Amino acid sequence: MELLRSNLSRVRIPEPTTRIYKHECCISYDTPKSEGGLFVDMNNFLAFGRDYVGWNYEKTGNPVYLHIKQTKKTDAEDRPFKKPTLLAIGLDGGFDNNEPQYEEVYQIVILPDNVTLPFPSVELPEKVRLAVDAISLAEGAERKEQLASWTADKKLVSKYATDLQQLDSGVAVPPVGWKCVKCDKTDNLWLNLTDGTILCGRKNWDGTGGNDHAVNHYRETGYPLAVKLGTVTADLEGADVFSYPEDESVIDPLLAQHLAHFGIDFSSLQKTEMTTAERELDQNINYDWNRIQETGEDVEPLFGPGYTGLVNLGNSCYLAATMQVMFSTRSFCSRYYSDQPLKAAFSTAPADPTVDLNMQLTKLAHGLLSGKYSVPVLEKDNTVNAAISQKQEGIRPRMFKSVIAASHPEFSTMRQQDALEFFLHFIDQVERINSGTPNFDPSRSFKFGIEERLQCSSGKVSYNRRNDYILSLNIPLEKAVNKKELAEFQKLKAERAAGGKELSADEIVRPRVSLKDCLDCFSAPEEVHDFYSTALKDRTTAIKTAGLTSFPDYLVLHMRKFVLEEGWVPKKLDVYIDVPETIDISSMRNNGIQPGEELLPDSAAGDGEQSIKILADEDIVAQLVSMGFNLLHCQKAAINTSNSGVEASMDWLLNHMSDPDIDAPISENVQNPDIDQSEVDTLVSFGFEEKLARRALKASGGDVEKATEWIFRNPSASTASDMDVTTSSGAAVDPLIPDGGGRYRLLGFVSHIGTSTQCGHYVAHIQKDGRWVIFNDDKVGVSKNPPLDMGYLYLFERLES
């Protein structure tokens with residue numbers, strides 16, 4: 001006890017706002033349930049596993065710890081069922097996932113001699129007792145962040161509900177027998193709460209659903225709120241109310257009053273329709289969903305190093321699938337596992353390692369690759385029976401998700417996200433933290449150069465280069481290899497529709513397009529209309545071709561399955577891609593300006609180009625909108641980065657989301673803002689070239705600070721932005737960008753099922769040890785039938801010659 005008293009100065013009583021970690025070690029995935037329990041530093045309130053608490057003592061000198069050990073209670077057979085009130089798992093009010101109950105035992109531990117004192121004990125100093133009580137009663141920092149994320153996703157009260165105008169049109173809605181007033185649909189019907197019109201809902205990407213009459217009615221009238229008939233019952237909280245101007249499901253606190261206006265007695269109504277969220281889930285329980293997850297297959301579970309699952313934190317499958325693929329590469333395994341011990345990362349981490357991306361990536365790598373957490377779960381008799389134990393504990397990447405999402409408002413929520421957008425954000429963050437040591441940057445192995453060649457009608461050419469991390473491919477449906485089967489399917493579909501029958505899942509035929517045709521489409525000549533030729537000093541039509549100036553160690557292919565139809569309506573292509581396990585893209589290499597080619601002259605001030613309005617590149621805008629960004633914002637991003645590419649446009653979007661004029665209409669001169677020479681001189685004084693400074697200021701609206709950040713976020717801009725060209729000897733290659741042959745093997749892929757990238761589910765398949773393995777959140781097993789034709793992102797590894 002005297003030893004404890006002599007160290008009281010190193011004990012703090014936490015304030016109500018203090019972040020207390022007590023559920024998970026900050027440098028490993030040990031928890032109070034682990035064999036050694038968890039040690040909470042009673043000075044900085046960070047938690048450490050048994051094997052790591054000594055490292056913290058060496059680093060901080062903090063000797064006093066609260067040891068927390070949880071042991072499983074015997075299950076109660078009559079455990080009551082609680083109806084969830086929150087869309088969450090493992091939180092108060094959320095779904096009961098039937099996890100066992102645990103009891104906690106506390107001890108005070110004093111390092112370095114591991115002196116232990118029991119708690120509770122009246123002999124302990126009051127300061128220690130108060131500190132332990134505060135720690136035990138506090139909500140852990142991990143849980144606080146998780147709860148905040150879920151709470152942020154709750155439906156909000158519509159701003160249109162309180163003052164909603166309802167017309168005295170004499171409409172009386174009957175309790176049954178509803179039908180769309182513009183077609184024969186009798187399901188998926190929405191009642192407009194302003195005029196009482198009953199109309200069908202939106203058409204789904206696969207042709208099912210309604211005929212868009214309800215949303216078109218809003219566009220014609222501006223009447224904002226509608227409720228889905230069939231979801232209205234005595235429990236009005238379950239009714240599905242949609243706000244068209246707010247573009248989301250909302251709460252109408254006056255719904256009873258609004259329904260009564262049309263003579264609806266909700267107390268007697270029964271539920272006959274699914275809500276939007278329920279339908280979204282139901283649409284996923286289909287053939288493709290089962291095929292991607294290999295549902296129904298007798299999947300052999302795998303355990304050990306490299307076979308660790310990632311527990312779903314709530315719509316975090318996009319993160320899990322992406323990170324499993326990333327840590328299947330040699331570059332990330334080396335950087336954060338074999339070449340970086342946990343202790344080395346911790347010793348260089350800041351005082352709070354939970355907010356250090358390098359530390360959390362190292363923690364994640366060791367968690368995934370060590371095999372420590374990939375063991376069969378213990379049965380009730382605390383024995384491991386591998387023959388029947390199909391589950392593993394896996395790891396919960398809460399701290400990693402928190403730190404990687406800190407600079408991105410969407411990834412910090414519990415909403416589903418686009419795996420492509422997350423991959424690009426992740427790569428960007430990794431590149432940032434390794435900027436001081438680029439030779440050790442694992443993101444470099446994904447980087448490659450793209451060169452676009454433009455030839456105008458004068459015969460002269462220009463070359464535009466940029467660097468990228470993904471090769472985004474259009475899917476040419478006109479190249480489908482099963483056109484005959486598709487024609488027969490369309491005929492059968494029409495016959496069934498005429499007879500009022502639906503097709504079974506087994507009868508559906510989808511287009512099949514070869515990956516080679518998608519790659520050829522990327523390189524194929526394309527007409528560029530309204531191209532301003534500095535040789536002709538006028539608009540003309542140019543021919544654009546594209547190729548790669550380098551071949552990366554790892555090539556990520558993005559299949560553009562989400563496209564925009566006329567009117568900017570997003571649609572998912574229901575298509576299969578025939579992907580071979582090896583590809584050769586050697587023919588896609590570009591070598592810069594060729595003998596006999598003449599370059600277009602540089603534009604001169606006042607030559608007429610500046611007076612012609614630059615239009616947003618529709619291809620760039622389409623890709624950004626498919627990721628979930630606002631259409632107007634995407635158009636501004638493309639314009640303000642001079643249509644230089646998706647990556648540059650996304651960077652602009654992320655930097656300008658909070659601009660006060662982001663929602664203002666595009667003005668005529670937003671394309672070519674006047675650049676103050678003093679701002680150019682400021683950037684030049686920082687060491688940047690004048691051309692690069694002008695382009696950065698143009699892309700950043702004349703803001704020096706944002707322009708500086710833009711330059712650092714676009715390291716290729718110094719070459720690509722000014723359309724620099726190479727000499728006739730060939731393309732200049734950045735020495736920091738890897739290059740090699742064009743032969744690749746398929747290493748892994750991420751599949752997605754759902755109506756959009758913001759819903760549904762992601763699963764990863766990876767080639768390991770000569771076999772395909774499925775990573776479905778925390779479920780890891782041998783893949784018998786990997787759905788190679790259903791990938792959204794494909795990862796290829798370059799084959800050495």
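Glycine is no exception: its Cβ is also placed from the backbone N, Cα and C atoms.
Here the structure is a predicted model, which means the values were calculated and not measured.
According to TrEMBL, the domain 'UBP-type' annotation covers 156-266. Taking the domain 'UBP-type' (156-266) as a whole, pLDDT averages 88 in the prediction.
Here TrEMBL flags Cys180, Cys183, Cys200, His213 as Zn(2+) binding site. Around Cys180 (Zn(2+) binding site), the same-chain residues six or more apart in sequence whose CB sits under 8 Å from its CB are Thr186, Leu189, Ile198, Leu199, Cys200, Gly210, Asn211, His213, listed in sequence order.
Every protein chain considered, the tally of other Cβ atoms within 10 Å of the Cβ of Cys317 (active site, nucleophile) stands at 24. TrEMBL lists Cys317 with the feature active site, nucleophile.
Residues or ranges marked as domain 'UBA' by TrEMBL: 615-656 (among others).
Per TrEMBL, domain 'UBA' is recorded for 674-714 (among others).
Other C-beta atoms found within 10 angstroms of the C-beta of His761 (active site, proton acceptor) number 21, with every protein chain shown included. Feature annotation from TrEMBL assigns active site, proton acceptor to His761.
The helix, strand and coil residue counts that DSSP assigns across the domain 'UBA' (615-656) are 30 helix, 0 strand, 12 coil. Using a 10 Å Cβ-Cβ cutoff, His213 (Zn(2+) binding site) registers 21 neighbours. Within the same chain, the residues at least 6 positions away from Cys183 (Zn(2+) binding site) whose Cβ sits under 8 Å from its Cβ are Cys200, Asn211, His213, listed in sequence order. Each residue contributes its Cα atom, and for Cys317 (active site, nucleophile) and His761 (active site, proton acceptor) those atoms are 6 Å apart. Every protein chain shown contributes to the tally, and the Cβ of Cys200 (Zn(2+) binding site) ends up with 25 other Cβ atoms within 10 Å.
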